Amino acid sequence: MASAQDSSIKKSGFTSTTTIMMIFVSGYFIDFAFNIFLARHMGSNDYGNFKVAEAFIYLGSIITMMGGASAAPRLLLPHIKNPNKEGVWGYVRFYIIVSTIVSIVLLVLIVIGHYLHISTFSGNGYHPLLLAAIVIPLAGISGLLCGVLHAANRLDLAFIPWGLGYSTLAFLFCFIASLIFGQISSFMAVGLVGAVVLSLIFFSLVCIYRLSLMPLKNIVRVGNRSQWLKISFPIMVVAALQMFMRQVDIYMIEFMAGEIAVGHFAAATVTTFVIIVIQLGLIALFSPQVVEALNKGQGTIRALNRKSMVLSFLLVLPLSLLLILFGHQILDFFGHDVDLAFNALKALTIGYAITALMSVPIIWLQYGGAEKSIMVLLIISVVSNIFLNWLLIPILNIEGAAIATSLAMSISAVGAIIIMKFKLGIFPWSGQSRMAKAE
């Protein structure tokens, strides 16, 4: 009986892994084709502007939601298990209000920056960042609804919107727009992204309604909202710093070298993003398991820790090698400065691979009470990245930005290993002891 149950659990885990990876990998290839389409139809300058605005939407949606989406698997779990689902709508409504307030403040700052003609905003016209600031709260709401589905352990429905739906619909909408208008600008593309995000919100709402996860009647005040923020805010800071670590190059290249250089660098980042896709898949797969394992003791923690690291190695290392071997040929599709972009690609591949291998250990620390330590580590890493970018971009252009990011990510990885050993008593590669296995 126990053997049959174990077999069922393993089969279920394999199915979840396969489903999640298929969603993210399929989404990556569609996103890759979408970016090639944009790069060839816009040119380096306009494409660079779009990538800055898109990066800003991703980062801004995390910040304005104040961690409500990222913390949902942890904070909503008891409410989801409640047969009446009491508290789910209250949680969602609270974080929508928070997100709206923060988004308004952010929009005001962006508008002020535009009219002061700050370097990032072109004084000759409206920069796509202005429109991106309007899309940000919508993207945050979409992420929050996905968090509800994640808490209900519907990983397929939780990750289809941004893992697959965003790239597919964005490509479709932009392709249709190019047929109708004959061309597509960065400003138009960001506007279409807003329409895509509204579609993702509608999809998630339909899924939540059909699963009866968020009844709107008989709203009961459940949970201390200040306690929610106390938990979600550090998670938001960690998530935002992790994303900013990957994006700081784009902002600094925009500031120090211009949009054309951003377009070249974006070709390298889009290509290597397949490693980040694997990282996101690993995080999606293991986050719920980590929360449960932390409540079951050291033996379960060690077993899951080894399992996650083995899977990470099997996915990340072969993929990284393929990128380095065939990256030049892949970059030819973009039609930009391939040699310069390829040098950046090689450096980024190393940094992204290190970060992907450390994705699950970071989750252990996030949910294991080491949020502040991770925050400090990431702040140090981001500051290091900014300093190295400032130092290397004038000398090596986008290759210098890639090297800076790779070095900063290595610093973050070493720090995470030390913190994990100190806080949890294990290394990222630690498994069960021989005595525990014998038992």
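Using N, Cα and C of the backbone, Cβ positions are placed for all residues, glycine too.
Copied over from TrEMBL:
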- 20-43: transmembrane segment (TRANSMEM)
- 55-73: transmembrane segment (TRANSMEM)
- 94-117: transmembrane segment (TRANSMEM)
- 129-152: transmembrane segment (TRANSMEM)
- 159-181: transmembrane segment (TRANSMEM)
- 187-208: transmembrane segment (TRANSMEM)
- 228-245: transmembrane segment (TRANSMEM)
- 265-287: transmembrane segment (TRANSMEM)
- 308-327: transmembrane segment (TRANSMEM)
- 347-367: transmembrane segment (TRANSMEM)
- 374-395: transmembrane segment (TRANSMEM)
- 401-420: transmembrane segment (TRANSMEM)
For the transmembrane segment (401-420), sequence-distant contacts whose Cβ falls under 8 Å of one of its Cβ atoms, 6 or more beyond its ends: 245-246, 248-249, 252-253, 265, 268, 343-348, 350-352, 354-355, 357-358, 361-362, 364-365, 370, 373-374, 377-378, 380-382, 384-385, 388-389, 391-393, 426-428
Other parts of the chain folded back onto the transmembrane segment (347-367), taken as Cβ under 8 Å at six or more residues beyond its ends: 74, 235, 238, 242, 245-246, 268-269, 272, 275-276, 278-279, 282-283, 286-287, 290-291, 294, 301, 305, 308-309, 312-313, 315-317, 320, 323-324, 327, 373-374, 399, 402-403, 405-410, 412-413, 416-417, 419-420, 423-424, 428
Cβ contacts under 8 Å made by the transmembrane segment (94-117) with residues that lie 6+ beyond its boundaries: 60, 63-66, 68-69, 123, 126-127, 129-130, 133-134, 136-137, 140-141, 144, 225, 228-229, 232
Ranked first among 20-43, 159-181, 228-245 for CB pairs under 8 angstroms with the transmembrane segment (129-152): 159-181
Within-chain partners of the transmembrane segment (159-181) [C-beta distance under 8 Å, separation at least 6 from its ends]: 20, 23-24, 26-28, 30-31, 33-34, 37-38, 41, 142-143, 146, 150, 188-189, 192-193, 195-197, 199-200, 203-204, 280, 284
Surrounding residues of the transmembrane segment (20-43) on its own chain - C-beta under 8 Å, 6+ positions past either end: 50, 155-156, 159-160, 162-168, 170-171, 174-175, 178, 183-186, 189, 263, 266-267, 270-271, 273-274, 277-278, 280-281, 284-285, 315, 333-336
Segment-segment contact (the transmembrane segment (374-395); the transmembrane segment (187-208)) at 3 or more Cβ pairs under 8 Å: no
Best-contacting stretch, by C-beta pairs under 8 Å, relative to the transmembrane segment (265-287) and drawn from 55-73, 187-208, 228-245, 308-327: 308-327
Chain residues outside the transmembrane segment (55-73) and at least six past its termini with a C-beta under 8 angstroms from it: 91, 94-95, 98-99, 102-103, 106, 129, 132-133, 135-137, 139-144, 146-148, 150-151, 190, 193, 228-229, 231-237, 239-240, 243-244, 247, 250-251, 287-288, 291
